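Feature annotations, courtesy of TrEMBL:
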{"type": "DOMAIN", "residues": "18-267", "note": "domain 'NADP-dependent oxidoreductase'"}
{"type": "ACT_SITE", "residues": "Y52", "note": "active site, proton donor"}
{"type": "SITE", "residues": "K77", "note": "site 'Lowers pKa of active site Tyr'"}
{"type": "BINDING", "residues": "H110", "note": "substrate binding site"}
Amino acid sequence: MEFVTLQGRDGAFAMPAVGFGTWKAASGQVDDGIAQEAIRAGYRHFDSAEYYGTEEAVGRAIRESGVPREDFTVTSKVWKTHMGRQATLDAFERSLSRFGFDYLDLYFVHWPRYAEGAEDWQGVLLDTWGALEELHDAGRVRALAVSNFKPRHLELLLEHGHVAPVLNQVEFHPGFLQQETRTFCKEHGIAVQAWRPLAQGSLANNDAMSGIAAAHGVSVGQVALRFDWQSGVSVVPKSTSPERMRQNLDIFDFELNEDEMEAIRDIPEGTAWSGLDPDGEWPAGLVQLKVD
Ligand SMILES: NC(=O)c1ccc[n+]([C@@H]2O[C@H](COP(=O)([O-])OP(=O)(O)OC[C@H]3O[C@@H](n4cnc5c(N)ncnc54)[C@H](OP(=O)(O)O)[C@@H]3O)[C@@H](O)[C@H]2O)c1
């Protein structure tokens, strides 16, 4: 395993470069059994969110694993519909109690805008960020992060906040490289992490990807993850298959050469994009989150 060094409130800490994604994808839910299997496979970093409904399963699996809590990097995210100071503080407490932990390693603002077309998204975002800063200053979370932030969203936090995000988790994979956002993050010392790092397996029939995979004797998924990591981006692939869980961790024993990196960079931008834009309109069903 390789690691990304993040600057936390109490000093630097190391986050595994490959974490385990826990969003419930169509092929199966991430439940206790899957989370336990991921720990057995070697995952020590879990990407979670209140929206995913996986915090309880992840927390239970970690608590029952016999592996010390401090060996894990555990994250969660406040959802769009819980933004604003008090709603965010309440959402954090609910998340923490579902995990059964007394701190989180990273707490994210999941998306920069709380509602499509909302006029005062900047005010709501700053109130939300203020709540995260309170949690950070109180030692409830080691470091703060954001997800799906473009430069203009990040600029707002950097200008008005007193704690800077250490990580921006965005969609990134061959065919969706987000160059402008990555350049901005690099210039401001913000690490970038890929969600959907395998493009949900949809690049299996891409000729460039399958040719490179055959040349290295690995899978297209491993090529995608290796490309992400060699592009300076850590990854949180999700799998419900023990075999693919292990495969997705096994990306540090081969290296893509510059021609291979270039061939993957040449895959047209927008290929296998999820269609979710931080500033765009969303299907209504994706926005709602029931508060328990
Ligand atoms: N911040 C955000 O807004 C945001 C948004 C979406 C996702 N995320 C996070 O990112 C994580 C990953 O994203 P994702 O789940 O959408 O997509 P992904 O990790 O790119 O792909 C997961 C899909 O690919 C399959 N798969 C896994 N390993 C594979 C391999 N080696 N080769 C081929 N196919 C493979 C899985 O099926 P099997 O289960 O059958 O292996 C699953 O259907 C999520 O779980 C979540 O934690 C964050």
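Counting begins at 1 with the first residue displayed.
Just so you know, glycine gets a Cβ as well, placed from its N, Cα and C.
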In whole Å, note down how far the CA of the residue listed as 'substrate binding site' lies from the CA of K77 (site 'Lowers pKa of active site Tyr').
5
I'm trying to understand the geometry here, so how far is the Cα atom of the residue listed as 'active site, proton donor' from the Cα atom of H110 (substrate binding site), in Å to the nearest whole number?
11
Express the predicted model's confidence over the domain 'NADP-dependent oxidoreductase' (18-267) as a mean pLDDT, rounded to an integer.
95
